[in-house]
Amino acid sequence: MKRVYNFSAGPSMLPLEVLEKAQAELPNYKDSGMSVMELSHRSGLFTDIITEAENLLRDLMNIPENYKVLFVQGGASQQFAAVPLNLKKSGKADYVNTGSWSKKAMSEAKKFMEVNEIASSADENFTYIPKIEASMLTPDADYVHITTNNTIEGTAFRDIPDTGNIPLVADMSSNILSEEMDVTKFGVIYAGAQKNIGPAGLTVVIVREDLIGNATEHCPTMLDYQTHSESGSLYNTPPTYGVYMAKLVFEWVKELGGLKGIQARNEKKAGILYDYIAQSDFYASPVKEDSRSIMNIPFIIPGRDLDDEFVKEAQAEGLETLKGHRSVGGMRASIYNPMPVEGVEALISFMKKFEQKHQ
Ligand code: PMP
């Protein structure tokens, strides 16, 4: 069977074990004579799947009792609007601008809120994470929004800012489940599933209970956290197969030692790649050392016009989707949870070979 190392930023690799389990269960799930795709979302079997998915996620992320886990649709992009519509009181919100996705979150919020861009790394092309001090915060802000991992720029918050009584909202789309994270520091965490959780179509929202039930008058029912909270994410038909796949991925993460285990594996993967780039005078990393993501690793070949050749030759060796985002250029290796260490080692051997050829 052909399998490649897929370095795509998302949708991206899924663990082979998960795909094989889904394959084995596909035509006849638990002797129901149906696939999970054909099960009613109100059936006992699906209730078990969604309950188990939630419990596994709670367990993995150590989510306290006073937080709800919602399985919704619309992607992280829909949360760009859902967050202000649910949290608006004073009508002011603080945003940290760390790149393309934060900018999108901010421009959506501007439709509903007075948005204060309290910090930005635009001055250095988003190659670092600005430091957030308490004095920067708007005292009566309804929330502070950060993008914990910047998928395109390859940066990540290594320290989560302390926002005191102001709820901290995080777009965690590209690093949820990749490392241990203290959920109690956040009011809302949201993430599209298609990187570390499962197939596209599912969005996970983790929200502190006191932030539910206060949506603005014109908030659409489907964007109101209360709707999904009081119905156990079954107000309407949830993305059932996505929830099932997420459950299988959560089981896989648990088997690898939970977030502690997966973090060690992710740090190892990112570490060997960054170390290789650092010792090479052919490749370079555009990202400041203290702001590096362990999920998305951009790299460049300075002063040479070799990007297209690199990407093409890598692909011929089963190393897929290494082209950098069009706004940044160069290459980008997205090495989410399912990417094995061997995949990163294969990339490094290819990089060595390519470097030797073009020295
Ligand atoms: N935020 C971040 C950090 C992302 O990486 C992405 C998707 N690449 C999005 C938001 C948008 O997610 P979606 O496509 O699920 O709306």
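Indices start at 1 and increase along the chain as displayed.
Glycine too: its Cβ is placed from the backbone N, Cα and C atoms.
Caution: TrEMBL annotation is automatic and unverified by curators.
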Residue from Q194, Q263 that TrEMBL also lists as binding pyridoxal 5'-phosphate with A76, S77, W101, T151, D171, N236, T237: Q194
Alpha-carbon spacing, T237 (pyridoxal 5'-phosphate binding site) to R42 (L-glutamate binding site), which is rounded to whole Å: 9
Most crowded position, judged by CB atoms within 10 A, among Q194, N236, T237 as binding-site residues: Q194
Cα-to-Cα gap, N236 (pyridoxal 5'-phosphate binding site) vs R42 (L-glutamate binding site), nearest whole Å: 10
Listed recorded positions adjacent to ligand 1, that is, members of S77, K195, N236 whose C-beta is under 6 A away: S77
Cα-to-Cα gap, W101 (pyridoxal 5'-phosphate binding site) vs R42 (L-glutamate binding site), nearest whole Å: 35
Residues satisfying Cβ distance under 8 Å from S77 (pyridoxal 5'-phosphate binding site), sequence separation of at least 6: K104, E108, G192
